[in-house]
Amino acid sequence: MGGLLSYFRNLLGSREMRILILGLDGAGKTTILYRLQVGEVVTTIPTIGFNVEQVTYKNLKFQVWDLGGQTSIRPYWRCYYSNTDAIIYVVDSADRDRIGISKDELIYMLREEELQGAILVVLANKQDMTGCLSVAEVHQALGLDALKNRTFQIFKTSATKGEGLDQAMDWLSNALQSRK
């Protein structure tokens, strides 16, 4: 076990990976953060400002910033972009009315110079809800095919059930390791 830990330390260095969890309000960002940290659903309230937690996933340490998604808070996201290794962008797949707004925010954010090297994970969340958009529909609605020079992947998730999060974190961990 100690040898494996040393291997990962050498591979990634001793610094924590900085991850931002972004998305519109109500998408499930805070639920995902605490599902990753403590492995269960906790009661959440709308995030005004941010939550920051240390998450260890398969011996990798992440400093995860969950930023509020309300309209009035989104302009402040850019204050947190510096030194970001990865972005987890959470989409409420059941909120068909705001998928266009979600796309606009994603595109606006990805244009920022400070995020040019950041890996992108899109979570098509709330897949357990009746009538939600499929992963393919979310992919198309966000215009992900237009992303060039960006390492990214989209995953089907249900934060409340814990479905799809391990696959997303496995992919992200591998992508971060291969980048080093």
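Note: Cβ is positioned from N, Cα and C throughout, glycine not excepted.
For the recorded site, Gly23 (GTP binding site), the DSSP three-state label reads coil. Cβ environment of Gly23 (GTP binding site): Lys29, Gly69, Tyr89, Val90, Val91, Asp92, Ser102, Glu105, Leu123 lie under 8 Å away, each six or more residues apart in the same chain. The annotation GTP binding site is assigned in TrEMBL to Gly23, Leu24, Asp25, Gly26, Ala27, Gly28, Lys29, Thr30, Gly69, Asn125, Lys126, Gln127, Asp128.
The DSSP secondary structure for Thr30 (Mg(2+) binding site) is helix. Note on Thr30 (Mg(2+) binding site): other Cβ atoms within 10 Å of its Cβ, all shown chains, come to 23. Residues or ranges marked as Mg(2+) binding site by TrEMBL: Thr30, Thr47.
Taking every pair among Gly23, Leu24, Asp25, Gly26, Ala27, Gly28, Lys29, Thr30, Gly69, Asn125, Lys126, Gln127, Asp128, the residues listed as contacting GTP, the largest Cα to Cα separation comes to 21 Å. With a cut-off of 8 Å between CB atoms and residues at least 6 apart in sequence, the same chain places Gly69, Val90, Val91, Asp92, Asp95, Ser102, Asn125, Lys126 near Ala27 (GTP binding site), listed in sequence order. Of the binding-site residues Lys29, Lys126, Lys29 has the largest number of other Cβ atoms within 10 Å of its own Cβ. For the pair Thr30 (Mg(2+) binding site) and Asp128 (GTP binding site), the C-alpha distance works out to 17 angstrom. In this structure, the CA atom of Asp25 (GTP binding site) is 8 Å away from the CA atom of Thr47 (Mg(2+) binding site).
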